[in-house]
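Visitor: Okay, handing you the structure first.
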Amino acid sequence: MKFFARLRSTVVSLFRRSELASQIEEELRFHLEARADDLVRQGLSPAEAARQARMELGSANTHHDEVRRSLGVRWFDDLLADLRYAARILRKNPSFTAIAAGSLALAIGANTTIFSVANAALYERLGVPHPEQLRLLHLTGDKNVVVHASWGEWDKDDGGRSEFDSFSYPVYQQLRRDNTVLSEIFAFKNLGQANATIDGQARVVQVELVSGNLYEQIGIRPVVGRPIVSSDDGAPGTGAVAVISNALWRHSFGSDPNVVGKVITVNTLPITVIGVNPPSFTGAKSVQVSPDIFMPISMIPVLRAESARLGPILSSRLLFWINVMARTKPGISDEKARAALQVSLDAAIRSTMSPEADETLPTLEVTDGSRGLNFSGKHLAKPLNVLLVFVGLVLVLACANVANLMLARTLARQREMSVRLALGAGRSRILRQVITEGMLLSAAGGTLGLVAAYFGHSTLPRFLFNVWESQDLHIPFDWKIFAFTAVLTLLSGILFAALPAWAATRAEINSSLKEGAGTATRHRKALSGRAIVAFQVALSTLLLAGAGLFIRTLIHLNNIDPGFRADHLLLFEISPPSKSYPAPQDIALHHRLEDAIRVVPGVEDVALSDVVLIANSRSNANFNVEGRSRHNGSDENSDLANVGPDFFQVMRIPIVSGRAFTQQDAESPRATAVITQSAAKKFFPGENPIGKRFSTDDDPGRMIWYEIVGVCADVHYNSLRRKPEALHFDLYRQQHEIGGASYIVRTAMPPEAIVPSLRAAVQRIDKDLPLIDIRTQQEQIDATTQQERIFASLTVGFGVLALALACVGIYGIMTYTVAQRTSEIGIRLALGAQRARVRAMVLRESIWLTVIGIAAGLVSAVALGRLVKSMLFGLGPNDPISLTGAGLLLLAIAVTAAWIPAARASRIEPMEALRHD
């Protein structure tokens, strides 16, 4: 009972001060009256008795303080007093407060924004029950691996081994049948863009195909309707049902609860809506973005044109295209599961692909699937970590700047601190007061930074990462972001307030209270300010050197000749539905569209390609030269593109040997090809390739022999960063099918102005064919270097901020130094020193301070340069131009910042300085 009574008293004392004060006053009044009555009975007059009683018992305020101290809440009163005093001090210095809080807001806001994006890209998990149980299956292999055709992410690790994220459908089915070490295996595939009509409105949607057991295994129930089940995923071409995303339900159906049963069209196919996903579910591929429509895998033959070379996609043994996942089984390790499934994979590959003697089988990998395919984690981890380092350095720099400002103010307030110490204030109270001022500043900066981060956290990814499609990005701004900002704010306050607080407690009472005394002491303490400035200069050098590296990387990329002329080129895609235009009708349609576009006013020429150059995508195939043995241990692959006969003329790609395609080639049954110089050097070293033949297929029954009619100059195929590799072009009209294609239109006017005319020309042939993903070729190239451009912009911004903070720090410390040395400078001038020598003396001090900081910064830049080595292009992390430029720029800024204090020092009048002393 005593505990609860004390607890009640504590709560009352904290939050109901007036009630406690009334109780104390009433209790004191009772005792005063009782004591006064005793004194009256002892012979004193009533007035004298009342006065004596008050003297003996003390004032109400004294008893109020004693009661609150006994309840352990006196600290709260002291904190409120410190906060009120700190707020009053900060209000009296609005310039200092604005500069300090503003620089902290920029730094904390930048850190919070980058952290929110990094958290979503690198650490957020799929919105499903127990995501930590999910395992992703993928493949690795050497250069002779039997996998030749893949539709999905393909990459090479540092050791040169290929990495595939997909399986052929027959292999997936056999793995699923043989699996005993994981829970039931399920599959999915992001189909990309499709044309949809919803309530009569045409739009482009993103489609993900899922196996019939995915919803059951992943543990998701739709908020409306039912999920896709195994009975939906049946025979090829069946299962015309869909579960739609929550965003599509809200935007296109107005959150209609009766959406189930409505029919939409996808690539002209009628599809019945059977359910709506919960908002947190973004599919199995990505945490950041959600497809609009989920459909059974069995629908892929009618949604996407099938390749005559590769065969029906659901039975193709050559095409690896489907992503595979499963949940773990209790008690079975990942390695044990991998070893068991590797046996099944080897058997499935041998039974479906008949590998050659020198072809190798892929290795199965079982990895964490809690983040889906984790595309962002693989490709954005290093850039985001580098950005976190940059913004962290900016925060440290801002804290150093505020610390220097607070230190200068603390030294200027030494007399005030000494008076408070002389009047009985403890040094701990002075320490607490300065820390409170710092924490109040930090709280203001943190609050403003959080507001800035809220508006920037969903905007930055759209500009920073072109790898995310232009869909609704799921970047949560949740309790983790608030906790991060709170911790950052707390640490920042402690970081920049610690040194000023320590300096405040070192005040020497006697010397500080004497006018003009303590100059030597203040000079010694000013060394702390110089050390902080040198530290600022070092951090600024590091940030500017980093900015220089990214700027020069971007310059190198922009100066690369792509191998074609990118000006006045307009790109767009047309993807006719396979149901309406099965092969070879799709090829005939594209031919008609080519002819229709060519006569549009303002069009110089048009060509088709199934691959857009410099788009971070690729398609490759075997390159089997006639008369040579295959699989001789060398890399026999070549990138490829199916193009129109006017492709080289439209792109302005020079032909260096032989000739380009002609209309006669397109109409001839003889298959022809043009190869690049790199392909000629790789496959025909020392030979003339004109007239030679090659095939891209290993199957003699399906083999097509291409005759080489020309060699063109090298072009960059999928990225400016990669050197031109072996590439060959063939004609799309000589293929069995092409499906969707990219149109490349060279215009005689600004490309954007001709879009309405092009759209009208296409709709005259088929009103249901939209122009998809319209952009210029230059915009396409810029998209591949978007990350570098944004990195350059952000790091330059951070560098400019660092430069400004260093400039303020140098100006502040030199101004303070001149003010403290006014008497010394006056004496020097009185003894005959030249004013120019005084100015040089001040500048020399600032230059030495800057040089020390620059040297430390350059050493740090060299040491940390390896962190960004893989993100650079055309230069190394120790690039002398970037390092030298950063140092010289900071030196110039330092001289500029110190010039005003130096000039002011040279104008000091000796008599006024001595009178001041």
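Quick reminder: no glycine exception, Cβ is built from N, Cα and C everywhere.
So TrEMBL has the following annotated:
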| type | residues | note |
| --- | --- | --- |
| DOMAIN | 97-342 | domain 'MacB-like periplasmic core' |
| TRANSMEM | 386-407 | transmembrane segment |
| DOMAIN | 389-508 | domain 'ABC3 transporter permease C-terminal' |
| TRANSMEM | 434-455 | transmembrane segment |
| TRANSMEM | 481-504 | transmembrane segment |
| TRANSMEM | 531-551 | transmembrane segment |
| DOMAIN | 596-714 | domain 'MacB-like periplasmic core' |
| TRANSMEM | 790-813 | transmembrane segment |
| DOMAIN | 798-910 | domain 'ABC3 transporter permease C-terminal' |
| TRANSMEM | 847-868 | transmembrane segment |
| TRANSMEM | 880-902 | transmembrane segment |
Visitor: Same chain only, please: residues at least 6 beyond the ends of the transmembrane segment (481-504) with a C-beta under 8 Å from a C-beta of the stretch. Say none if there are none.
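Guide: Same-chain residues near the transmembrane segment (481-504) but 6 or more away: 104, 107-108, 111-112, 115-116, 119, 395-396, 398-400, 402-403, 406-407, 409-411, 413, 417, 430-431, 433-435, 437-439, 441-443, 445-446, 449-450, 453, 457, 525, 528, 532.
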Visitor: Quickly jot the same-chain residues contacting the transmembrane segment (880-902) by Cβ under 8 Å, restricted to those at least six beyond its ends, or write none.
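Guide: For the transmembrane segment (880-902), the far contacts come to 537, 540-541, 544-545, 547-549, 551-552, 803, 806-808, 810-811, 814-815, 817-818, 838-840, 842-843, 845-847, 849-851, 853-854, 857-858, 861-862.
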Visitor: I'm checking region-level scores; what's the whole-number mean pLDDT for the domain 'MacB-like periplasmic core' (596-714)?
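Guide: Its mean pLDDT is 87.
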Visitor: Considering only Cβ pairs within less than 8 angstroms, which of the stretches 386-407, 790-813, 847-868 has the most against the transmembrane segment (531-551)?
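Guide: Looking only at 386-407, 790-813, 847-868, the most contacts with the transmembrane segment (531-551) come from 847-868.
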Visitor: Residue list, the transmembrane segment (386-407) vs rest of chain: Cβ under 8 Å, 6 or more residues beyond ends.
Guide: 96, 99-100, 103-104, 106-108, 110-111, 114-115, 118, 434, 437-438, 441, 488, 492, 495-500, 503, 525, 528-529, 532-533, 535-536, 539-540, 542-543, 546, 791, 794-795, 798, 801-802, 805-806, 808-809, 812-813, 864, 867-868, 871
Visitor: Within the same chain, where does the transmembrane segment (790-813) have neighbours whose Cβ lies under 8 angstroms from its own Cβ atoms, ignoring anything closer than 6 residues to its ends? I mean 6 or more beyond.
Guide: 99, 103, 106-107, 110, 383, 386-387, 390-391, 393-394, 397-398, 400-401, 404-405, 408, 463-464, 526, 529-530, 532-533, 536-537, 539-540, 543-544, 546-547, 550-551, 553-554, 846, 849-850, 853, 871, 889-890, 893-894, 896-898, 900-901
Visitor: What counts of helix, strand and coil residues does DSSP assign across the domain 'MacB-like periplasmic core' (596-714)?
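Guide: Output for the domain 'MacB-like periplasmic core' (596-714) reads 20 helix, 39 strand, 60 coil.
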